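In what follows, a single structure is set out as structure tokens and then discussed.
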Amino acid sequence: MKMKMKLASFGLAAGLAAQVFLPYNALASTEHVTWNQQFQTPQFISGDLLKVNGTSPEELVYQYVEKNENKFKFHENAKDTLQLKEKKNDNLGFTFMRFQQTYKGIPVFGAVVTSHVKDGTLTALSGTLIPNLDTKGSLKSGKKLSEKQARDIAEKDLVANVTKEVPEYEQGKDTEFVVYVNGDEASLAYVVNLNFLTPEPGNWLYIIDAVDGKILNKFNQLDAAKPGDVKSITGTSTVGVGRGVLGDQKNINTTYSTYYYLQDNTRGNGIFTYDAKYRTTLPGSLWADADNQFFASYDAPAVDAHYYAGVTYDYYKNVHNRLSYDGNNAAIRSSVHYSQGYNNAFWNGSQMVYGDGDGQTFIPLSGGIDVVAHELTHAVTDYTAGLIYQNESGAINEAISDIFGTLVEFYANKNPDWEIGEDVYTPGISGDSLRSMSDPAKYGDPDHYSKRYTGTQDNGGVHINSGIINKAAYLISQGGTHYGVSVVGIGRDKLGKIFYRALTQYLTPTSNFSQLRAAAVQSATDLYGSTSQEVASVKQAFDAVGVK
């Protein structure tokens, strides 16, 4: 969730982040192209791209890339370089594929491409292929540092500049060897993940040059997801009753085994809610009660965390046919009463964590259904587009969580509105919220691309610039006139379907606002047809916020 105080961070690779829509050397009259400004290569292509009878969907992609090698500035063997990571058929008749670009078997950081094939025709290619890696002398020398040396460099910097003490790591120190590209420079590098809860929660990603040990990039990606181990109680499924943070009564699924536990066995591999008991050790104790009635004030945050996790699960299952955040029914864990007076909620990489607030800035954060759904949507994003939590890709990441947090609030019909966190933020100030999707400028966030934040605070403006996309989403749903551009609203349901398809099938880790526009337009085209009002409204909304 966004705090009013922003965090400092470095900028993401400019070459991956810089994209723009230009009428630049169109590949064919039937193709629509969004170009990467830095590389002057295609970033998003749609149309009837290639049809070869008797060819597999992935082979169409390889042939298309090689056929257009000069446009992509990509002169390597596509089949050897593009590693197929995912392939599935969707309910619209498309074969969807996700590829990871590699260089001599080494993954290129953030370089993911998705493609769509229908009726034997390649119809879309989304994502930036990093060009001319075969000409980079810096990649030919080989690595000189070990994984341990890279981790030591990252930890030393973390302690010196972030934590001021050696933290207790929650999930070890994961390290991956990659090719990292920043503008025209390419480096062999280690990606080091440092995940911890004390002295303050963090999930830092360091990019360390594997030759000279230089820190190439670093940022806090607290909402990145990895499944955690869950120990369940063997018992009888029951239904309890309790009262939430705002005093509303609700039924909750529990499990009986001597005590009644906040363990919901009816959804996927379970929903589990824990009591952190004001400590910072997770997950804490699985919440237990003697009589299956949760009406004590201490129970309220647990009641809401448990109930709203279930509502979020139901939304994704019933509306988008998605089973939990990973699409494979992963268990959902939540811990409440984290630390003392803690003014935040976050996904720590494997579970939800909720502070109780200090009573002035926040009340217990699990009391906001949009807060719960926002954070769980970060996990959905990590398992699909994998949007890097920095600069424009990070702002899209935040906006996606705001959009679906709001849509879950409407789905539950829980006093729904287009504000974020209004139920738990500043209880002494009526009508206040963290962000507004209908009017981002109300809280100082930009509502037009010309007003975007371009500094390094807030991971390059991930919460700030999300306002631009939030406003576009609001206009797509509700309609209106913004900066002189009129938008015809198409409703929340269609907004959700368009953005869910864009998130899960077209966006890639380094997507920027231009690619999001192209992805949303293509998703609307897939769902409703190229001449539909839905496509027109998506274009109008992005025009209204200055995203081309």
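Yeah, the Cβs are placed from backbone N, Cα and C, and that goes for glycine too.
The following features are taken from Swiss-Prot:
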- Glu375: active site (ACT_SITE)
- His463: active site, proton donor (ACT_SITE)
- Asp370, Glu409, Asp417, Glu419, Glu422: Ca(2+) 2 binding site (BINDING)
- His374, His378, Glu398: Zn(2+) binding site (BINDING)
- 1-28: signal peptide (SIGNAL)
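Taking only the Cα positions, the spacing between the residue listed as 'active site' and Asp417 (Ca(2+) 2 binding site) is 18 angstrom.
Taking Glu398, Glu409, Glu419 as the binding-site residues under consideration, the smallest Cα distance to the residue listed as 'active site, proton donor' is found for Glu398. Spatially close to Glu409 (Ca(2+) 2 binding site) yet at least six residues away along the chain are Ile369, Asp370, Ala373, Asn415, Pro416, Asp417, judged by Cβ distances under 8 angstroms. There are 32 other CB atoms within 10 A of the CB of Asp370 (Ca(2+) 2 binding site), with all protein chains counted.
The separation of Glu419 (Ca(2+) 2 binding site) from His374 (Zn(2+) binding site), Cα to Cα, is 12 Å. Candidate recorded positions: Glu375, Asp417, Glu419, Glu422. Fewest other C-beta atoms within 10 angstroms, Asp417. For the Ca(2+) 2 site, the Cβ centre of Asp370, Glu409, Asp417, Glu419, Glu422 serves as reference, and the other residues of the chain with Cβ at most 8 Å from it are Gly368, Gly405, Thr406, Asn415, Pro416, Trp418, Ile420, Gly421, Asp423, Ser433.
Here the recorded positions are His374, His378, His463, and the one with the most other Cβ atoms within 10 Å of its Cβ is His374. The local packing around Glu398 (Zn(2+) binding site), expressed as other Cβ atoms within 10 Å of its Cβ over all shown chains, amounts to 31. On a Cα basis, Glu398 (Zn(2+) binding site) lies 14 Å away from Glu419 (Ca(2+) 2 binding site). Across the structure, Glu422 (Ca(2+) 2 binding site) and Glu398 (Zn(2+) binding site) place their CA atoms 17 angstrom apart.
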